[in-house]
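The structure appears right after this line, and notes come after that.
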Number of protein chains: 2
Amino acid sequence: MTASPLTFPQGFLAATTAAGIKPSGRTDLSSVVSDADCTWAYAGTRSSAAAACVTRGRELYAAGRPVRALVVNAGNANAATGPQGEADNAAMAAELAGHLGLEADAVLTASTGIIGHPLPMDRVREGLTRLPGALADEAGSFAAAIMTTDTRPKTAEARLSTGARIVGTAKGSGMIHPDMATMFAFAFTDARVDGEVLRSAFPAIVNRTFNAVTVDGDTSTNDMALVLANGRAGEVDPAEFLTALEGVMRDLARQIAADGEGATKLLTVRVSGARTEAEALAAARTCCVSPLLKSAVHGNDPNWGRVIMAVGRSGAAVDLPEMTVRVQGTPVFAGRPLAYDAAAVSTSMRAEEVVFEVGLGVGGASGEAWGCDLSAEYVSINAEYTT
Amino acid sequence: MTASPLTFPQGFLAATTAAGIKPSGRTDLSSVVSDADCTWAYAGTRSSAAAACVTRGRELYAAGRPVRALVVNAGNANAATGPQGEADNAAMAAELAGHLGLEADAVLTASTGIIGHPLPMDRVREGLTRLPGALADEAGSFAAAIMTTDTRPKTAEARLSTGARIVGTAKGSGMIHPDMATMFAFAFTDARVDGEVLRSAFPAIVNRTFNAVTVDGDTSTNDMALVLANGRAGEVDPAEFLTALEGVMRDLARQIAADGEGATKLLTVRVSGARTEAEALAAARTCCVSPLLKSAVHGNDPNWGRVIMAVGRSGAAVDLPEMTVRVQGTPVFAGRPLAYDAAAVSTSMRAEEVVFEVGLGVGGASGEAWGCDLSAEYVSINAEYTT
């Protein structure tokens, strides 16, 4: 949703190549490299079947040393590939590090695509040799090279008062129900940010942004969110930075929801009056993942009973007599069904974004989540993915 | 799956009528009446937006007195209808009790259909007057009268060594992801069963049967499972009875999954090697609810990576190097991807039932869950339900 070409913050460059991992021949191997050490924050999927790239990223994050580069392949998740998959993932980092004159542990890895197939390492190795010579200051190509079933690249940016910038990129369209971080979200900044500030603030930001997105309730084995800060633009106010970072990640999260597999519109659910933020987010997210509510949104059907159902199963505390529901601004429930013009509300749902506002009536916490409608297209995309 | 006409166990009769609650004019109001007091067991939805019928049923169950009859309406869930809904629900029981010469608290209620619309009480009252004169020994008509989007009535029966019988009926096709009990499952028996035996065994049986079914992950506001035992056929061995009851409920659970909205086949997931039965059931059920796995099953795509993904997000403990997956009997994963004939496995998936067997490699517990494939038909059924 930013004008192209989008440049990177100072000191970051990216390279992409078509290594032949995707059958389509599109770009599928890419890297972002910083010319200075980066502080970073990282969140990987909570899946117990996490892929090799997530396992390795988590270990490097625990070690806490600065990093310099990220290498990403699309078209193959290198997940459920056993010991060979771990070796291939480590080799991908080590070989690029060799070409760049870096230590292997300064290079993070990310893989996305089909689960359970070995990486075609001959092609990956050959592609990696081409990356160092292709580095350029263009973020859009990188955002395109990390896509799988996405229909468009996802980027967002913010500029701080000091002139420092944050550029974010993301991918993800199906298997989207992040549990710690969404498919891929990579943010790069030339602001100087203390590593501990970044690490401590990141989980809450991820919870309010990527963990509030859902396309189908299916949590990927490879989800990760990452921010790299190389300090080239100097010191910034930490609070200003974190607010800007959350804005970038929220923008990307909404782009992922709007580009959900088969989606024709964005579904936004705002919950207030919750006991805790966690319960507000749970209620909002359960609405966004409900196939029944998603189908109703697809058909412009103001079937608010499905909101009641979804909130009811979300685990959030609710006081039914005090509960309220609005559809596109129209009150439809307030402890009991309200009279409203169903045809007019249905017409108002023929929009790029459909918003439900739900009051739980038990407290003062709020939260927001994003999803998309469920269309027949989702089924056809996913009935024929491998064969 | 039983030959019709199916008679009730001794002492039970049912009546049905078309009260005009369903716009289609099909039968929509029905009752089962026992000529003797029944011990009973009950499970209602855990939804915090539970309907008036569930709230009332739970209170009566806590009070623990015997019951004599059940009255059911289809086409309107009487959920999220506020204080008026509670009064209407109580009136439905009280008026039928009056016609039958029973106390109101001896009559259980159940409503299913659209959420958030007041019950048309004039029509309900008139319909109730017709039920006592229409009582007959035929379970199939009752099973048909409780349907909404179901395409066929669901019944099952078992005969004990003493001659006592259990007859079960169920309904449910969408909004199926029971959390305590499925949409409706009613079992009737003339066996004499101690009330406490029934009450204490029922939750575990529900967990292994109705709570192991999912169509779309959406938990209804009105789910309930109920068994009524009137003792007319005398004493039975409790262990034999409970095994037979679980068989009847399992049969009904599978029928619900196979008749899921838009379903073309039954999806069965058997998990072994789990740390606990609860984790085995969670892993199996997460596979059955995954839109990605359901879409793959629809397209006969042996995309077992989606099983790994679903188990990974289920919360069940798993040892990836020891994990195994079979599709229709063919091993496809054993700590690493196995070579197999994808075309042959795809052909084997063109069946009424597709079975995945998953070994978690961490313990000795097992569990099984049932779902269905996801088709474009599910979306069209649910995009146009109310408007």
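Glycine residues also receive a Cβ, built from the backbone N, Cα and C atoms like all the rest.
Annotations in TrEMBL come from automatic prediction, not curation.
The secondary structure of A:T148 (substrate binding site), as reduced to three states from DSSP, is coil rather than helix or strand. Here A:T148 (substrate binding site) comes close to A:A74, A:G75, A:T112, A:G113, A:K171, A:S173: these same-chain residues lie at least six apart in sequence, with C-beta atoms under 8 angstroms from its C-beta. Positions annotated as substrate binding site by TrEMBL: A:T148, A:K171, A:T182, A:E261, A:N382, A:T387.
Per TrEMBL, active site, nucleophile is recorded for A:T182.
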With every protein chain in view, what's the tally of Cβ atoms within 10 Å of the Cβ of A:K171 (substrate binding site), excluding that atom itself? 27
Considering only CB atoms and a limit under 8 Å, which binding-site residues from A:T148, A:K171, A:E261, A:N382 lie near chain B? A:N382
Tertiary neighbours of A:N382 (substrate binding site) (same chain, Cβ under 8 Å, six or more apart): A:G174, A:E261
Could you find out if DSSP has A:E261 (substrate binding site) as helix, strand or coil? coil
